[in-house]
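Engineer: If you scroll down you'll find the structure; I have some questions about it.
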Amino acid sequence: MAEESPRYAIVTGGNRGIGFEICRQLANKGIRVILTSRDEKQGLEAVETLKKELEISDQSIVFHQLDVSDPVSVTSLAEFVKTHFGKLDILINNAGVGGVITDVDALRAGTGKEGFKWEETITETYELAEECIKINYYGPKRMCEAFIPLLQLSDSPRIINVSSFMGQVKNLVNEWAKGILSDAENLTEVRIDQVINQLLNDLKEDTAKTKYWAKVMSAYVVSKAGLNAYTRILAKKHPEIRVNSVCPGFVKTDMNFKTGILSVEEGASSPVRLALLPHQESPSGCFFDRKQVSEF
C-alpha cells in the first residue's frame, strides 16, 4: 500500500498562546507544521521546544519568519513553501492583536469582581486601531490570496481563520456597518473595505467616536467582523476549499493577560478540529463558536 503523502500546515502567530498550542496538536497528529511568527528568536525557540517535547524530527516542524502585515514577508513565505513542499493543505490564520492599551493592574484587580467594568481598563488610539485592522483583517486576507494556489494542489485544502465572538455582527453598534456585514448575498471585499475605512476615518477625527461602532474595542470588533465576512466570500468563491472562521473561546493568553477562562489546550482544540475533519464531513463558509456552528 502506498504511503500517504505528508500534509502541510501553516500557523501564523505560532510562537505562543493558542498558535503555539495549535502547532503542538497538529504536529502530534503527524501534520508537518510551518510555525511562523514576527519575532525570529521566539519562533525558533518555539520550534525547538516542540521538537524536544514531542520527540519529532526536523522535518516535522520548521520555522519561517512572517509579518502578516508585510506583503514582502508573505510572498517570501509562499516561495519557501512552494520550493520546499510544493503544496499546502492547511492554513490557520491565528496571528492577531487587541488594538488597545490596557491598564493591566486594574484589569487583574477587577477580574471576577461583581460590577467590574473591564472596558474601563482599556484605551483605543487611532494608531493602534490601524495596526489592529492591518494585522487582524488584511493579514489573513493577504495570506489567503498568497496561498490559495498552493492550497488548490491539496486533495483536502482548508483555511481556518481564528476569529472571536466579539466579531459577531450583533456586537456592532453602527447600524450601517451591521447592515453591510450581515447582507450575505451582497457581501464583497469592497464593501468590507468601506466599513473599515469609515471606522478609521471616524477614529482619526476623534477617538471618542469609537462608541458609535462598538461598546468596547471597536477596531478589534470590526477587524473580526470583517474577517468573518471575508470567510463567507472566500467559501463561496472557492468551493473546493473548506473555509471557516472559529472563536476558540475566552482563553488564558498573553493578549488578555491570562484573564481568560479556558486553557490554551481547550482553545486550540477548536481550530485543530476544523483542520483535521475529513474533507467530506467539513462544512464551509461557517462561523464556529468553539465546536458549534453559530451566527455570523
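Yeah, the Cβs are placed from backbone N, Cα and C, and that goes for glycine too.
I grabbed these lines from Swiss-Prot:
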type	residues	note
ACT_SITE	Tyr220	active site, proton acceptor
BINDING	16-40	NADP(+) binding site
BINDING	Ser164	substrate binding site
Engineer: Count the other Cβ atoms sitting within 10 Å of the Cβ of the residue listed as 'substrate binding site', across every protein chain shown.
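Structural biologist: Its Cβ shell of radius 10 Å holds 24 other Cβ atoms.
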Engineer: How many Å lie between the Cα of Tyr220 (active site, proton acceptor) and the Cα of Arg24 (NADP(+) binding site)?
Structural biologist: 27
Engineer: Including all protein chains displayed, how many Cβ atoms other than that of Thr36 (NADP(+) binding site) lie within 10 Å of its Cβ?
Structural biologist: 30
Engineer: If I take the alpha carbons of the residue listed as 'substrate binding site' and Arg16 (NADP(+) binding site), what is the distance between them in whole Å?
Structural biologist: 18
Engineer: Can you tell me whether DSSP puts Arg16 (NADP(+) binding site) in helix, strand or coil?
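Structural biologist: Note: Arg16 (NADP(+) binding site) is coil by DSSP, not helix or strand.
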Engineer: Count the other Cβ atoms sitting within 10 Å of the Cβ of Tyr220 (active site, proton acceptor), across every protein chain shown.
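Structural biologist: I count 26 other Cβ atoms within 10 Å of it.
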Engineer: For a quick check of packing: other C-beta atoms within 10 Å of the C-beta of Arg16 (NADP(+) binding site), how many?
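Structural biologist: I count 18 other Cβ atoms within 10 Å of it.
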Engineer: Taking DSSP three-state, what's the residue listed as 'substrate binding site' in: helix, strand or coil?
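Structural biologist: In three-state terms, the residue listed as 'substrate binding site' counts as coil.
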Engineer: Could you check the binding-site residues Arg24, Arg32 and say which one's CB has the fewest neighbouring CB atoms inside 10 Å?
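Structural biologist: Minimum Cβ neighbour count within 10 Å, taken over the binding-site residues Arg24, Arg32, occurs at Arg32.
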Engineer: Check Arg24 (NADP(+) binding site) against DSSP and tell me helix, strand or coil, would you?
Structural biologist: helix
